[in-house]
Structure formats: structure tokens, C-alpha cells
Amino acid sequence: MRRPARLSLACAAAAALLAPALPLALAGSATAEPAGARVQDFLADQLADLGAGEAVVMVHGTDLAAAEAAVDAAGLTRGTAFERIGVVVARGTAAEIEAARTQPGVTYLEGNRPITFQQETSNVATRGAEAVATLKGADGSALDGSGVSVGVIDSGIDPTHPYFREAVGSSAVVSNQKVVCDLFEIACTVQDVGPLVDTDTLAAGGHGTHVSGIVAGRPTTLSDGAQLQGAAPGAKLVSLATGAVLFIVGADTALEWVLENHEAPCGEGVPATVCPPIKVTNNSYGPSGGGEFDPESATAKLQRALAAEGVLTVWAAGNDGGDGSANVVNPDSQDPTPGILSVASYFDQDTGTRDGVVSDYSSRGEAGRQATYPDLSAPGEAITSSCRLTMPICGTGLDPRNGPGLLDVGTFNTISGTSMAAPHVAGIVAQLFEAKPTATPAEIEAALKGTTYKFTDGAAYEPTDGGLTTSFDKGTGLVDVVAAVQALVGATAEPTTVRTKPGLGKGRTKP
Ligand SMILES: [Ca+2]
Ligand SMILES: [Ca+2]
């Protein structure tokens, strides 16, 4: 579940701090080895394998002059100097580096250890980050979901969280709504609480802030060097806070608000350039245990009306696991109406691979009844997003992280669930609408399901009446943003609408 051990900037700093604690070991080993400065283990290993090549070495001296003199005497090529700490960066052969070791005043030889930025890998597995970097929307701008608002129906949001901060001082959160119900959940209203109210902390939540960050977190570098962004880092967010304790009437009140307000979610007076229309909602909630879809439910009627008006509904498939012997998928996600998506949880094993696994907890449909299957899979396991430690669900995270600012302590955390898979797809839907603003929800669902990557973990794929293949655990497979965009745009538009890097163009073989 944890990341494979990788050296981050924070780890590198820790190693440097530990070095002064080693003189006792140094004194002991000095008697057993030829006289001279200690050599870092990493560099020693590198030198053993170096052959006739050259390596980079940091020559530490008692002062800068000693280090410089040693570099010159050993025949190394001098580079940068860290004057204040008496270190000269140099390059040379193993023999030259060994010669520097015994020069007067040399205290330590250190190699040039590689360090890695820890990029959140979930947008690699979906090819969503690749789409942002290499594809353009219909407006010619990067395919980051701009021009689209995503409605997030969840516990709430901390709109002041740095993950939602934009470079120009504005926020990804354009509308902050709170569903307020009476004690019996029969009288509910939606209230605009303004740009600063943290509805998530008020609700003792945290879930909604994490989910919203997965949808549309802005590019952010954490204190340890990790680089994060949401699936659609240019999309806007309309938060509909239902509180941490959910009842279906409250959630339906939010869906009904979207139905009434999706074209102008900030009010008629606010232009779409500032506050774009809602084209998709994310719904990471459902009854525990899953069950059969009820086409007569208020939720079904609302999401069908939304699809008819051009708004997709994205659902988490549920966290009830299963083995295909029973249908435990989130009921409303099974609605066969085109434009309603049920998302299973995929785990990229923190590597960005597309050949990972279906999460154990991801709800399975009933084998042999394709109507109960999830539509597709997206990363949901070990997802890092906005999550302050002061919020209850974030305290359960495995990996509190700091940043981007010095005072931003415990602002990000890593949690898992189909709740984290669905918002990847909600952000991806925003990308698809940016690629083709006239697309219908049915076209977008077809493009997503027709281009999935067929990772093989779990149940076998079986043919559908529609000419696809699907499975009771992972649906049609792992979402592939680049392939979905090409399928969506290529069908009706000139190929020049989407510009790609070489190798990713129309000739690319689909997996
Ligand atoms: Ca854009
Ligand atoms: Ca569907």
C-alpha cells in the first residue's frame, strides 16, 4: 500500500543531517583502510562499477582552498563550488577520485546521488496528465478541463485549501453551496455560503475536500518535492456540501439544484468565462452493501433529466468488494441510461502502470448480469490529495504530507476507495467536454468505454451486445484519456483539432 521506497528531497536532506553523526565509525574504519577521507557508500559502489568512465564527486575540504587544491592535484575537472561549506563539485575517473581522497585537508568524498520527484502516479495510469501536456481543447488551449465546471456532491470543501489556489489569486472553487436540511431530512434548501466558508470542517468531514482535489487540484509542489495535480487542473469546481452524514434526500436536493442551475451555477449575472456550466457531477456516495437499481427512485429520475440536458453523472461503484456471486454495486450507478458512469477502483501500485490490479474493496457486479457491472475503472487506491489533518477522514490517511507553503503542515494525505476513482473520471469528462464542447453524455460514455485499456487482473472480459468487452469487477477496463479524446474528436472533427506529440497521433495502435 505504501509507496516503494524512493529518495525524495526530504530523504536526501535527512541523509545529509545524519552524516556528522558518523565520526565514530570513521575512526574505527580508518585503521583498517588506507589513510584518507571517508568515501560515501553510494560513491564507492559507483566507483566499483565505473570502469574507464568518469563520475561526479563532491570533494569536501577543511575549507574551500583545501578542497580546490585537492581537486587540482588529483587531476579532477573542477565544477561548482559551495564556498560556505568548503565543497567543490568535480568530475573524473576512479583513479583521480581515489587520488583526491588522500590529499591534505580532504574530509569526505560524496557522489551525485539521483533524487526523484514523487509525482502522483494516478494521472499517469489514466494518461490524463499526458492529455493535459500534449492535447488541445477545441479552443486551442491545453486539455486541462478549462471551460467546464464539475459539480461535486460530497461532505463539503475547504475552498481556502492551497490545492484550489490559482496563480492569479483566484480559486478553482467558483461556487460553494451547502445543503441545509431540518432534523428529519424532509425540508432541505441549498444555500450559497460564499468563497471562504469551509463546509467540510464544519461538517467534520474531509472526504469532499479530498475528492474535489482529485477532480481539479491545481499543479502543486509539496515540501518533499512531490508534484501533484488533479485530473482536470483547469476545470472549475461547484461544491455542493451535504455534510459528512448523508441521507439520500440531501443528495437528491443537490442533484436537483444542479438540474436547475447547471447552465449558470454562479447566477445569471456571472459569465461562463468566470463560472462555466456544470457538465458533470461527481457522486462518491451510496448505500452500504450496494444492491439492485431502482428506476423509480428520485435519484434515477434526476440523473436521467440531467443526462437529457447534457450533464453526465459519475458514481463510485462502491466499496463492498465481492466475488461476482452477488450484485453489490452502488444501485444508482447501474442506471443503463447513457451518460451515467459507474467507476470501479484500479490500483496502479504507485508506479503509474496500466497493468495493475482491481482493488479488493471495489464493488463487483453479479457475474453473468452485465447490467450490474461497473462501466470502467480508474485509480482509486493510495491517492494523494488535499486533506487537512484537522478533518476526521484525513486523520485516517497513511501519509500526511506538507506544502506547498512553509506553514502548510499536513495539508495532503493518501486515502483509498472508489470514492477516489470516480473523481478521476469526473475530471476526465471535463477534459472530454473541453475537447468537444458539443458532445452528448452518451457520446462521452461511449468514447470512454470504447477505448479502455484491457488490463488483465481479475475476471475475464466477456463480449457485450454493443461490441465491447466487459467484466464484473473492472467493467470495460482502465480509462485511457488520450484514446478517449481521439475517439470522441476523431469521429466528427478534423484531426487538426487535436494536436499530439509524434507517436501519439492517429496512427497509434490502440492497446
Ligand atoms: Ca484548457
Ligand atoms: Ca453507464
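Quick reminder: no glycine exception, Cβ is built from N, Cα and C everywhere.
The secondary structure of Asp154 (active site, charge relay system), as reduced to three states from DSSP, is extended strand. Neighbour count (other Cβ atoms within 10 Å of the Cβ, all protein chains): 33 for Asp154 (active site, charge relay system). The annotation active site, charge relay system is assigned in TrEMBL to Asp154 (among others).
For His207 (among others), the entry in TrEMBL reads active site, charge relay system. DSSP assigns His207 (active site, charge relay system) to a helical segment in the three-state reduction.
According to DSSP, Ser419 (active site, charge relay system) is assigned to a helical segment. Counting every protein chain shown, 27 other Cβ atoms lie within 10 Å of the Cβ of Ser419 (active site, charge relay system). TrEMBL lists Ser419 (among others) with the feature active site, charge relay system.
In the predicted model, the domain 'Peptidase S8/S53' (145-456) has a mean pLDDT of 94. For 145-456, the entry in TrEMBL reads domain 'Peptidase S8/S53'.
Marked as signal peptide by TrEMBL: 1-32.
Geometry remark: His207 (active site, charge relay system) versus Asp154 (active site, charge relay system), CA distance 7 Å. When Cβ atoms from all protein chains are considered, those within 10 Å of His207 (active site, charge relay system) total 26, not counting its own. Taking only the Cα positions, the spacing between Ser419 (active site, charge relay system) and Asp154 (active site, charge relay system) is 10 angstrom.
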